[in-house]
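Enquirer: Just lifted these from TrEMBL, have a look:
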TRANSMEM  A:12-38  transmembrane segment
TRANSMEM  A:58-80  transmembrane segment
TRANSMEM  A:92-109  transmembrane segment
TRANSMEM  A:115-138  transmembrane segment
TRANSMEM  A:147-165  transmembrane segment
TRANSMEM  A:198-216  transmembrane segment
TRANSMEM  A:245-262  transmembrane segment
TRANSMEM  A:282-307  transmembrane segment
TRANSMEM  A:328-346  transmembrane segment
Amino acid sequence: MRIELEKRPGASRLFSLLSPVIAFALTVVFGAIMFLALGKDPLEALYQFFIWPLFDVWSLHELMIKAAPLIMIAVGLSVCYRSNIWNIGAEGQFTVGAIVGSIVPVYFYQWSSPLLLPIMLLMGIAGGALYAGIPALLKNYFNTNEILTSLMLVYVAQLFLDWLVRGPWRNPEGYNFPQTRDFVDAAMLPEMMASGRAHYGFALAILAALAVWFMMRFTLKGFEVNVIGQSQRAGRFAGFSSRRMVWFCFLLSGGLAGLAGISEISGALGYLQPQISPGYGFTAIIVAFLGRLNPLGAIVAGLVLALTYIGGEGVQFTMGVSDKVTRVFQGMLLFFVLSCDTLILYKVRVIFAGKSSEAPPGQPVEEKAS
Amino acid sequence: MIVEAILLTIITASTPLVLAAIGELVCERAGVLNLGVEGMMVMGAVGAFTAAHATGSPWIGMMAGMITGAVFSLLFGFLTLTLVANQVATGLALTILGQGLSAMIGEGLVGRPGVKMPSLDIPVLSDIPVIGPLLFDQDIFFYLSIAIVAGVSWFLFKTRRGLVLRSVGDNHASAHALGINVIGIRYLAVMFGGACAGLAGAQLSLVYTPQWSENMAAGRGWIALALVVFASWRPLGVLVGGYLFGAVTIGQLHAQAFGIAVPSQFLSALPYVVTVLVLVIISQNRRMTLINTPASLGKSFVPDR
């Protein structure tokens, strides 16, 4: 058996909409097989994982809380990946955004003012953007691979946070727990609805997605991103600077990751602790691809991936399945998304042994006709 | 004797880096950029630990680790070579999936006693003072890492097949035109990389810390990727770089043990910071990196029919 690809004359519109759906369906099928292998009733497990959280007010709020950072980060990453710039250190930019955004409420812990929250959010954005600026700078001036540098900086940021909350920022009244002082109310993102704890971070995420979508769709900058992404040479001929594009993409995605970091702290947690993210920065990479590198797609994809977090907690609680299934589901989903994307540009033919490799008659004609 | 003890730990810390990096080097020389080293390593580690735990034999564990890595890398190969998926994204997917799967498989094994790979004492040679115990009383992984680096070096630059592999990485279109099976060779290279990463993982769970803990690769897979750049795609460079990074890792551990007045987190960050700095220094020399970088690295190939 052999698989052959035949290039389509153009990208298939049908499959660019359908491929994420197929990918999700395949993930569910393989998820069922996995639950079966774990000795659990697959239907019950899938129901608990994907359906039940949608009919529970508490989980819907949790869904929005988890989706907010995923969407914010993925929107920025979509722009990066579209222009073929590989920032995979969003987890670190998230962490630094959380740290820098927390400077004011940690040092001036008694100060309460309506200005506090905007200051924190802006500092969070600045922190994330500056941290993302390091791989951008190194790429532009030293030709350093941004994949490796941005990733290495994740470990550095996490260790720095660990040092801060165990050392200089530790709450002196916190019974030696490694965490900072609780933030004052004015430093907290308010809840959106009376029914639960979902905070305005989700609204910020939607706003960010809309803004970036508008930029990509209607502005010259968005056009530039797409041209450089499709062909660096074409971009150069058009007079677009790929160096400026590296700066733009890293600062934008880093800023959004930083915003996600400080929103998570001021919305969901209320203080800094050694662990502030269940891998949002890496999961957002999946969100970006599942959303077809489109900011609006990232909203849907962010909700889907948030559901895997909630569902994972759910099956752990109700069925005693390890919460590690979350990560496995996420990994599988990315695999299937990437393999289904092949359908957009190629026709896939499975050829069974014995047949010749020549195309069946009629096939080439069909291609010319379209 | 403390120097000897430190040197011994450096060798143990460097071996997995060298193993993972030499596998990735072959893969990249064939034009495939597999960012899933970290994922293949943890899969190898959990495969090796599980098998060794079940059978009591570290040797079976080692084989299992190697096979796990190779089989796991086939997922990457299928996506990037057969379905021409983006290599960067697929490599990340491999790492994410590997971390999840290994954590799930190994969950029941946390805290279980491991099986340690014994060291192989080479008679006579190991009696040489100082270098004897260092070089000739090591575990099999150390000997293997040296042998694989030497073998790869010989294969790539002294054999016809090595030339073919490099040509596939440098210009896949020409290689294809010459009748070389580009995809087939890339599959083999990817699997070799997976087997080496699996071995590196096995070393972690059978020698370095003979037990299982989640995410025990701790970024070593990424450092191995950086090592390939550091080595500018030459096998000997991988060996030198691997030992350099092993020394940094061990140096920071010993510094912590001596209670040096720097917060332990800063010392732990050292290997990553050093990696970034070294990458900067190496990459700055554009001409040198360009000479050896496989020209087709990271580019998908679809044979025209």
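Even glycines carry a Cβ here, placed using N, Cα and C.
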Enquirer: Any contact between the transmembrane segment (A:198-216) and the transmembrane segment (A:58-80), i.e. 3 or more CB pairs below 8 Å with pairs at least 6 residues apart?
Expert: yes
Enquirer: Counting CB pairs under 8 Å, which listed stretch among A:58-80, A:92-109, A:245-262, A:328-346 touches the transmembrane segment (A:282-307) the most?
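Expert: The stretch I would name here is A:58-80.
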Enquirer: Can you work out which residues elsewhere in the same chain, 6+ from the ends of the transmembrane segment (A:245-262), have a Cβ less than 8 Å from its Cβ atoms?
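Expert: Same-chain contacts beyond the flanks: 68-69, 72-73, 75-77, 79-80, 83, 85, 87, 90-91, 93-102, 120-121, 123-133, 135-136, 139-140, 146, 201, 204-205, 208, 212, 221, 224-225, 228, 235, 276-277, 280-281, 284.
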